[in-house]
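Per Swiss-Prot, the features are as follows:
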type	residues	note
BINDING	Cys70, Cys72, Cys85, Cys88	Zn(2+) 1 binding site
BINDING	Asp460, Asp462, Asp464	Mg(2+) binding site
BINDING	Cys814, Cys888, Cys895, Cys898	Zn(2+) 2 binding site
Amino acid sequence: MKDLLKFLKQQSKTEEFNGIKIGLASPDLIRSWSFGEVKKPETINYRTFKPEREGLFCARIFGPVKDYECLCGKYKRLKHRGVICEKCGVEVTQTKVRRERMGHIELASPVAHIWFLKSLPSRIGLMLDMTLRDIERVLYFESFVVIEPGMTSLERGQMLTEENYLDALEEYGDEFEAKMGAEAVLELLRAIDLEKEIEQMREELPSINSETRRKKVTKRLKLMEAFHTSGNKPEWMILKVLPVLPPDLRPLVPLDGGRFATSDLNDLYRRVINRNNRLKRLLDLAAPDIIVRNEKRMLQESVDALLDNGRRGRAITGSNKRPLKSLADMIKGKQGRFRQNLLGKRVDYSGRSVITVGPTLRLHQCGLPKKMALELFKPFIYGKLEGRGLATTIKAAKKMVEREVAEVWDVLDEVIREHPVMLNRAPTLHRLGIQAFEPVLIEGKAIQLHPLVCAAYNADFDGDQMAVHVPLTLEAQLEARALMMSTNNILSPANGEPVITPSQDVVLGLYYTSRERINGRGEGMYFMSVAEVEKAYATGAAELHARVKVRITETVIGDNGERTEQRRIVDTTVGRALLSQILPAGLSFDLVNQNMGKKQISKLLNTCYRQLGLKDTVIFADQLMYTGFRYATISGASVGIDDMVIPAEKYTLVADAEAEVLEIQEQFQSGLVTAGERYNKVIDIWASANEKVSKAMMENLSTETVINRDGVEEKQASFNSIYMMADSGARGSAAQIRQLAGMRGLMAKPDGSIIETPIVANFREGLNVLQYFISTHGARKGLADTALKTANSGYLTRRLVDVAQDLVVIEDDCGTHEGLTMKPLIEGGDVVEPLRERVLGRVVAVDVMYPGTEDVLAPRNTLLDEAWCDKLEEHSIDEVIVRSVITCDTDFGVCAACYGRDLARGHLINHGEAIGVVAAQSIGEPGTQLTMRTFHIGGAASRASAENNVQVKNSGSLKLHNAKYVTNTDGKLVIVSRSSELAIIDELGREKERYKVPYGTVLEKLEEASVEAGDIIANWDPHTHPIITEVAGSIKFVDMIDGVTMTRQTDELTGLSSIVILDVGQRGSAGKEMRPMIRLVGADGSDLMIPGTEVPAQYFLPGSAIVNLDDNAQIAVGDALARIPQESSKTRDITGGLPRVADLFEARKPKEPAILAEISGTISFGKETKGKRRLVITPADGGEQYEEMIPKWRNLNVFEGEKVERGEVIADGPEAAHDILRLRGIHNVANYIVNEVQDVYRLQGVKINDKHIEVIIRQMLRKCVITSAGDSEFLEGEQVEVSRVKIANRELVEQGKVPATFERELLGITKASLATESFISAASFQETTRVLTEAAVGGKSDNLRGLKENVIVGRLIPAGTGYAYHKTRNDARAKKDEPVVVNKITASEAEQNLADLLNLAGSQD
């Protein structure tokens, strides 16, 4: 018995490992794995079902077919364990060795491994410096290659066709050696001397000038170094021995009727063995060359098919025309090993069922059907029954459970008590898709779900199903209770707002309760307490909505936490007073003394959580729900057709619009407006008519006139059911009501353009056939969109998770002083996001000062919570530099200070929190709510009249940002700089509005002047671009010759003549080289200078500029010398929604990106070509000029002689993220991506914290390009992880050597995922073959740092509770590696120490 136990113990060995290395297998290694050579293609004997000897299933090689029994049956049972039968040669052992013992095939001729040949870039090709086509021609026996040129004129590696080879043979005899096939390639690879080649290439690298050649050499050098450092030999890319997979991993199963089901691999192996054996025989017979060659080629092809079928040529198909599944197909794709079995598995102790509402449950409970519970908790029940002595054996217990004896149910109740179960609803888009609940046993077969968690699960009760999982071990139960319990997940990890806010019925009920009604029964009564109100309501003396005065008692919690009671009399309603009963102590009555819509309820819960903590909030949320359901029932709100009141004005409004349209039509027919204008105007008319109708309808619905107590008519909010549902936020919106009771309005065609005849009817009136037909477009498109959207959104989430999965918080503080500058987000005139929302929960990077003083308000490293944000607002701070993960200095992770608050918990983030995955889920989860389409701008949107002024919305003072200006004769400011911005500051110094103002804007107010709301403070001409003079004087035309470089045109209406400069293309040969310009001269005729510089005041005139002045005219400062007509920018389709987010994260280049200035300096134009202009920037310090060719049709914002800063926009267009990073740095690119992504989500009303987007950006920026290598071993132009360069640089600096310099690089998320350090993670994402090939050649080892790698190798993930486990393990390992220091101590010292100790012990007695 002891032996048996010892034996079983020895089988389960889990080796401690902390990395996985992948490499090339040498022929000897393959032979060492093998337990014997497979020589025959036979599998099993069809009569006896016994494996054939030396075949693919041979028992002698791979092990016995039955446990502890040899094939011939001579030795059976455990006592013969380890004996090798002398008759059949089979070892007596367990069958499961057939899963791990490999065999091998000795190939008669070497064969190239297709992965290293065909996976691009071809590794064999790179190694030999030959093209893939050449190598293939050698391998597949089409031409010879010279291996040893000897003394001849041939070169090593030269290709020879059959004829050339015969010629060479005649000429040189056996002076040289040339071969074909894999042997030739093998010999070439074997002949490479890696060290010599590497040295040679490193020497020649600096002297190479051509970019392409340099890239190629660098690539080859890196490959050689990879081989050299990893200890792989290049010739191992050619196989001489082929390993054979253990037979139980490619099973052969007999079906009934004498047929067999088999794995495709067996077919592929059989093919290889057949051809190999035939080749051996041909070689023994010394067959003619051509036959042998053909056989070798066929062998090569069959091995190719086994390793990666279909990679080269046509895929080999089986009997049913289906391509056979090769070894490579086993691991790649969604059905491959990685994604199917390693990253997600099916689990036991789970069940699924339909869900129904559980309105009586508490928040931490779920209803579990008894039948399911009995099945799920079976082992626990058996154990309890046995422990109780109710059943003697497990078998008896099983019988009892099957009979469902009464005791079983009692036991089940006990087992289930406080044993949480996990509920999951697919698709699990974020971590709230799996939560833990305590089960409550219920009758029936459906799981009951608490209504408040529906929002987190995105569940409804129209047939949704959910899965139940039982955590078995004590640790699992503990984690489920402490971390996953629904009561612990009140705040959303995406934005820190409560996620368990009531919706629908509950909102309607609470809203109904809190409404007031004029002259209700009991209006004007006084109550001494809320209890009295309840009595009055119950007896019917006062109705729910009556306006009354009540004395309420509130508990106020002071700053130090002491509670005091306050009494006051408030004007309120009966319903609100009743609501105050469920309000937890410490919240003010004012929170419920208002109409309780969805927003107000959400705010109420948020306040409760922040002020009173978790427990009170959970209890309160439940109470709110019960109350809401109760009063929703009492209210009897329902939807009837009469609730959809059609406004009387509708018909006149529609008639007016139709008349206007007729008028436009007549104008069009008489030729006064173009077809495009007519279309746009018609659409505008209908759009505004629709607005008017819906406004009239809402006014009609939302108010009703009643008689108050004094008998006077008064308006009050209506109690119309439909209006109440929309107003409270329970269901529906103004837009939907408009379709029910207003008019449906304009519809779009499938291509996105708007149909100009609107649907005037609404759903109450009903649609006619034509109207219905027009409507179907949109409805169908919506359905098709939804299906696409789900798939696309899922794919985006997958890419995001993949790129961010290894980001975990690993230390408290990295100590960086860097950070991002946060300002309130202002678009046009509105504050879209105030500063407090952007910095809440972040850590300050640089001390925040009291405005205008040197005193510190918030010191560095303060975590800004609600109280701090109030302080910042009090002192009207409008800019804070906060820590960000983008600037965090931690290697392989981030620090808690740079991340800030854990949004779902409300305190500083813990170590081991998987912030990468949380960020990916937070961005991906709302993806399904985004739209899919690109907006075509047509009709109303496109013609939004070009802006030409700024009208302010708030009073305050005027402030200019990066603006240069001159003052003209009227005392007004004229802007003479690009990208200037104008802001309105309130009296506290907070920025309220911000506008971009173009060059040439005239400001009505001076800087710092006060402005009133509604003032127009800036004007400009949107259609022309002026050239403004900065000095006064008289003008002198240079190179302006009539008919050569300009023409005069006279305006027919005004009779004024103006000069128009000709474009270079329109000028004759004489004018090609001329540069028309206006020079300013003083009274004495000398050239004037631009103030403060040595630059003469002269202004070049580009083509098509219009000059309205005459030669020698006098002008003043700020006057326009010339005007350049601006073509209206082409209307671009705005990519919106999901595709836009994907484009941003993939860092895709836009079609016609904005052109940015590469360096700071002065603009000039060089020689033009046919379609392009040459833009030259000359730096002020006299450095090297920068030239760029720009297509002529691009609209440039700059003129000759103008100064630009690096990164300024030269030609308009969408900006490319790569350019922003290169020219404006990391902070700007981060701001750009964050704001652009937020814009898309904000449009859909989705709130996501900036942090999450920053986390993804950090991952996109984790690679850099080495600009100079210094003393490091990096290569120039190599792409490396930033953290690796930083670590290497620290070491170099310590040794006093030159560190490497680098430039950050922005990678799209797909590229960044594939470029991770971990090859396991990259291989399980996409392009498995390429990733594995690359990793094998470089002998890479994976340190299992990320989450995905650990899931794949089956360990705990290094995040959350697993983080602690990994930390202790690593610490233990580090301790083990430390040398043990033995303190040498003399005997007398030891004696003395002992004596001291004894004395000490004695004195303590």
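The backbone N, Cα and C atoms fix where each Cβ goes, glycine too.
In the three-state DSSP classification, Cys895 (Zn(2+) 2 binding site) falls within a strand. A straight line from the CA of Asp460 (Mg(2+) binding site) to the CA of Cys898 (Zn(2+) 2 binding site) spans 38 Å. Residues Cys70, Cys72, Cys85, Cys88 make up the record's Zn(2+) 1 site, and a Cβ search at 8 Å around their centroid adds Leu71, Gly73, Lys74, Tyr75, Glu86, Lys87, Gly89, Val90 from the same chain.
Closest in space to Cys72 (Zn(2+) 1 binding site), of the binding-site residues given as Asp462, Asp464, Cys814, is Asp464, taking the CA atom of each residue. For the pair Cys70 (Zn(2+) 1 binding site) and Asp464 (Mg(2+) binding site), the Cα-Cα distance reads 54 Å. In this structure, the CA atom of Asp464 (Mg(2+) binding site) is 40 Å away from the CA atom of Cys895 (Zn(2+) 2 binding site). If you measure from the Cα atom of Cys895 (Zn(2+) 2 binding site) to that of Cys88 (Zn(2+) 1 binding site), you get 64 Å.
A distance of 46 Å separates the Cα atom of Cys888 (Zn(2+) 2 binding site) from that of Asp462 (Mg(2+) binding site). Each residue in Ile355, Ala459, Phe461, Gly463 lies on the same chain as Asp460, Asp462, Asp464 and has a C-beta within 8 Å of the C-beta centroid of that Mg(2+) site, without being one of the site residues.
Closest by Cα distance to Asp462 (Mg(2+) binding site), from the binding-site residues Cys88, Cys814, Cys898, is Cys898. Other than Cys814, Cys888, Cys895, Cys898, the residues of this chain whose Cβ falls within 8 Å of the Cβ centroid of the Zn(2+) 2 site are, in sequence order, Glu811, Asp813, Thr816, Arg883, Val885, Thr887, Asp889, Thr890, Val894, Ala896, Ala897, Tyr899. Sparsest Cβ environment among the binding-site residues Cys70, Cys88, Cys888, Cys895 (other Cβ atoms counted within 10 Å): Cys88. For Cys814 (Zn(2+) 2 binding site), the same-chain residues that are 6 or more apart in sequence and have a Cβ closer than 8 Å to its Cβ are Cys888, Asp889, Thr890, Val894, Cys895, Ala897, Cys898. The Cβ of Cys72 has fewer other Cβ atoms within 10 Å than any other of the binding-site residues Cys72, Cys85, Cys898. Cβ neighbour count for Asp460 (Mg(2+) binding site) (all protein chains, 10 Å cutoff from its Cβ): 11.
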